[in-house]
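Asker: Mind looking over this structure? Questions follow.
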């Protein structure tokens with residue numbers, strides 16, 4: 001008995017410990033094979049022997065089961081021949097074929113030798129991919145913003161239980177094994193719960209289901225529909241404003257966009273408010289705003305769900321706004337306190353003080369927004385232009401950072417005891433003609449003294465030369481006749497043939513309107529005039545000037561060529577007294593050139609040209625190349641109806657850059673353009689003439705020896721007041737402050753009935769600048785020697801020329 005029970009235990013254990021797993025897909029025929037062992041004789045007990053005897057029967061009965069339900073009848077007869085087919089291969093091997101297997105065929109199969117009680121076990125899993133997907137929601141779409149909604153994704157006839165993946169706009173938000181809802185129908189589902197917001201509107205919610213039977217993606221989708229009141233976003237320069245502050249630059253005009261998103265769409269009305277005041281009540285998503293005096297901007301919109309208002313604060317950046325003491329007049333040793341008041345957003349970066357355009361000090365900005373510059377004991381050398389320059393950094397996320405720089409200036413005058421300027425009339429010299437047309441000063445006989453050459457016209461057209469004595473007087477007149485001329489319009493002295501002696505270029509008004517050169521020697525004697533092959537049309541104010549324009553070491557000539565059209569001409573010298581063919585420089589204006597100056601205005605070591613254009617009321621600057629050609633003119637206004645007549649060049653503010661001074665007859669003033677050193681100039685600074693109504697010609701120099709440039713001027717030769725007057729004539733001296741403006745003005749008698757031309761030079765070698773005055777109508781010249789007794793300074797030569805120098 002014991003042995004029999006042991007046998008049964010071992011047999012049953014072996015059966016359930018060997019289950020063969022079979023995975024198949026639907027709609028195929030599946031065959032499973034059973035193998036049975038034959039039972040051999042043994043010395044078991046009687047009962048066991050009986051069992052063996054039974055197992056060895058030739059009429060063994062094979063039974064087939066699915067999940068303990070018999071599917072094949074006794075004696076191998078199928079209960080369902082359309083579904084199952086059985087086949088005996090040999091005495092020990094039997095097969096069961098399941099036809100067109102379906103999901104419902106999944107289960108535990110066994111074949112049993114009923115006689116021998118021997119079994120084979122098979123677990124058949126029919127794997128089926130997900131199908132028939134659909135999504136339902138706990139609340140029907142559309143829903144209002146803020147609703148909690150559960151979405152249920154269901155699939156039927158699937159095995160094994162699949163994985164559900166939820167995506168929102170292709171972004172995975174949940175993944176889990178499905179919940180098997182029906183084991184008979186093999187259905188499964190997954191639930192996703194979302195709090196829906198406007199950000200979810202129009203997003204695609206996708207339920208994607210897969211298991212090991214899946215080949216292709218299986219999914220279903222639903223479009224989220226959320227109702228919400230308008231959402232407002234501000235855009236500036238096509239960028240969204242992500243904060244509630246917009247930083248802009250003052251006085252700019254920009255477009256701001258109020259972009260609206262809503263569901264349902266808004267009622268067609270958008271309201272714009274500036275500082276809580278309605279400025280626009282139409283459906284308009286963008287608005288052009290002038291950023292002046294605005295602190296807050298609002299945009300309102302509404303739909304059937306509600307109304308929304310969005311606000312942004314406007315932070316306006318502006319470069320420093322400055323104020324400073326008005327022009328200050330102090331006495332010597334007084335304390336100077338300059339206060340520069342600063343209003344800036346953002347706060348200033350630093351403050352820079354300048355004196356006559358040169359840096360004095362750099363200061364940090366202070367919380368009280370006041371910058372001070374103090375001089376405890378001021379002296380006259382510190383009189384001039386003081387500038388407060390303040391910088392801040394203007395930067396927004398929509399523009400590149402740049403410096404906001406503001407400047408404000410004031411002028412400080414210091415009243416000091418200076419030496420009294422005086423002039424003494426030494427003599428009057430009569431020319432060979434009835435009129436003095438124009439004259440120049442130069443050393444014609446190489447004795448170190450400045451001599452005079454005078455051009456005359458009318459009854460005797462000639463050039464007179466007066467050689468200087470050491471005491472400021474001049475010797476007898478030497479006259480050189482000029483043929484075919486009604487007037488000797490202009491004289492220019494220079495060494496044209498490189499023999500170290502001064503020659504004279506003359507412009508002739510006569511039958512041929514030509515020009516020529518008289519070559520000089522070491523004794524101050526000039527040869528006969530050599531006519532140059534040029535033709536000069538009639539010009540309102542003929543003039544010429546000499547300098548090396550093409551950097552070849554030879555002197556060239558610039559002269560007025562024509563009035564119609566307005567033009568100048570250049571003669572490039574060969575250094576032997578001959579010249580290349582003239583080159584025309586068109587000015588391109590209806591007016592014409594009244595004065596010419598040559599200097600290096602942009603510090604490039606090339607000579608530039610400045611000219612006065614009469615009826616257009618401006619100064620034109622032609623920057624030069626090294627080959628004698630010039631750039632397109634730049635213009636600087638002398639003021640409407642200024643009728644500027646003469647011009648000179650010097651450094652009037654001590655900054656090392658050349659400035660330009662003009663006589664504005666029409667406006668009764670002297671104008672100064674301060675040079676920037678790059679060929680450009682500042683706005684004209686004007687000083688009214690006190691003692692004479694008009695100034696036509698002037699000379700520039702430091703007459704009182706204070707180191708600052710002064711101006712000495714005479715009346716207009718054609719002034720109606722001048723023509724009708726029989727009173728004595730004067731020369732007016734304007735004393736420079738050293739900042740481009742002029743203060744005290746003094747007059748000195750000329751000793752002439754008419755004072756029409758003036759030049760300056762040191763005629764007696766005492767290092768003081770003297771004056772020579774020309775009388776157009778009287779045909780004579782007076783010499784005024786500078787007789788001041790203090791502040792003597794060396795007379796320095798200048799590296800620039802103008803037609804005012806007459807040399």
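Note: Cβ is positioned from N, Cα and C throughout, glycine not excepted.
When I checked TrEMBL for this same protein, it listed these features:
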type	residues	note
SIGNAL	1-17	signal peptide
DOMAIN	17-112	domain 'Ig-like'
DOMAIN	130-223	domain 'Ig-like'
DOMAIN	230-315	domain 'Ig-like'
DOMAIN	320-406	domain 'Ig-like'
Asker: Mean pLDDT over the domain 'Ig-like' (320-406): what is the value?
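Answerer: A mean pLDDT of 87 is what the model gives the domain 'Ig-like' (320-406).
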Asker: Could you break down the residues of the domain 'Ig-like' (320-406) into DSSP helix, strand and coil, giving a count for each?
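Answerer: Residue counts in helix, strand and coil order: 3 helix, 58 strand, 26 coil.
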Asker: In the domain 'Ig-like' (230-315), how many residues does DSSP assign to helix, to strand and to coil?
Answerer: 0 helix, 55 strand, 31 coil
Asker: Which residue counts does DSSP yield for the domain 'Ig-like' (130-223) in the helix, strand and coil classes, in that order?
Answerer: 3 helix, 58 strand, 33 coil
